[in-house]
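Undergrad: When I checked TrEMBL for this same protein, it listed these features:
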| type | residues | note |
| --- | --- | --- |
| TRANSMEM | 20-37 | transmembrane segment |
| TRANSMEM | 66-87 | transmembrane segment |
| TRANSMEM | 99-126 | transmembrane segment |
| TRANSMEM | 146-175 | transmembrane segment |
| TRANSMEM | 187-203 | transmembrane segment |
| TRANSMEM | 209-229 | transmembrane segment |
Amino acid sequence: MQEKKATLIEHLEELRRRLLVCIIALVLCGVISYTYIDRILFLFTRFVDRVVFISPQEAFVTYIKIALFSGMLLASPVIMFQVWRFVEGAFTEIERKYFLAYWVSSFFLFMGGLAFCYFLILPWAIKFFLSFQTDKIIPMITFSNLATFYLMLLISFGILFELPVVIVFLSQVGIIGPSFLRKQRKYAILAIFIVSAVITPTTDPVTQTLLAIPLVGLYEISILLSSVVKSRPELRG
């Protein structure tokens, strides 16, 4: 009993220590991001000519929001490493390999979703929405609204690009297979468009379609990966 209590205390102490490292990394990366806020703002405003703020605190609060988001991206490798070191002892050797593969894949897919959104979706979306201006209808985009639009769209793409990881995991544990995914393709596509409509920060069908199309492609890739898992028994749990 005493040994179990000591083990629990040791785990709690390790958890406290690793949480502290994560918090320090997040704060430091947030401060670094704020130090270079002008360069980061260029990335946020390069697709529009001018933005405005309509309340005294709006610009400052938006600066903090952007710096925190950038800081989380910078600190994410440290945070992921701390999580990995905390949980790795609970897995067998083969489970550690799988977990690490999922962990790393999730990171790069999320970053890939951010890059895809920033370089391909955001420029087109901004250009499309600004095309509705006329001589009498002039856009007055607030800094806060622009940042919220960017962050929501970026995070949405980052999360939804995790689809292959989810599908492969479900295939590996035997819940679904490639034949099931093919049969449910039309329902999956419908669900993708519904999810896209729910998570996009605007209600227009154009942005929702821009989000849905790459997800349909990821779904097809997931079917291929599921087929690989099925054809190799050693990959299944």
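Glycine residues also receive a Cβ, built from the backbone N, Cα and C atoms like all the rest.
Describe the structural context of these features.
TA: Counting same-chain residues at least six beyond the ends of the transmembrane segment (20-37), those with a Cβ under 8 angstroms from any Cβ of the stretch are 63-64, 66-68, 70-75, 78-79, 82.
Among residues of the same chain six or more beyond the transmembrane segment (66-87), those with a C-beta under 8 A of the stretch's C-beta atoms are 14-15, 18-19, 21-22, 25-34, 37, 40-41, 44, 99-100, 103, 107, 114, 147, 151.
Distant neighbours of the transmembrane segment (146-175): 44-45, 48, 51, 62, 65-66, 69, 98, 102, 105-106, 109-114, 116-118, 121-122, 125, 181, 195-196, 199-202, 207, 211, 214-215, 218-219, 221-223, 225-226, 229-230, 235-237; these residues of the same chain sit at least 6 beyond its ends, with a Cβ under 8 Å from one of its Cβ atoms.
Residues 116, 121, 124-125, 153, 156-157, 160-161, 163-164, 167-168, 171-172, 176-178, 181-182, 185, 188-189, 192-193, 195-196, 199-200, 235-236 of the same chain lie 6 or more positions beyond the ends of the transmembrane segment (209-229) yet place their CB under 8 Å from a CB of it.
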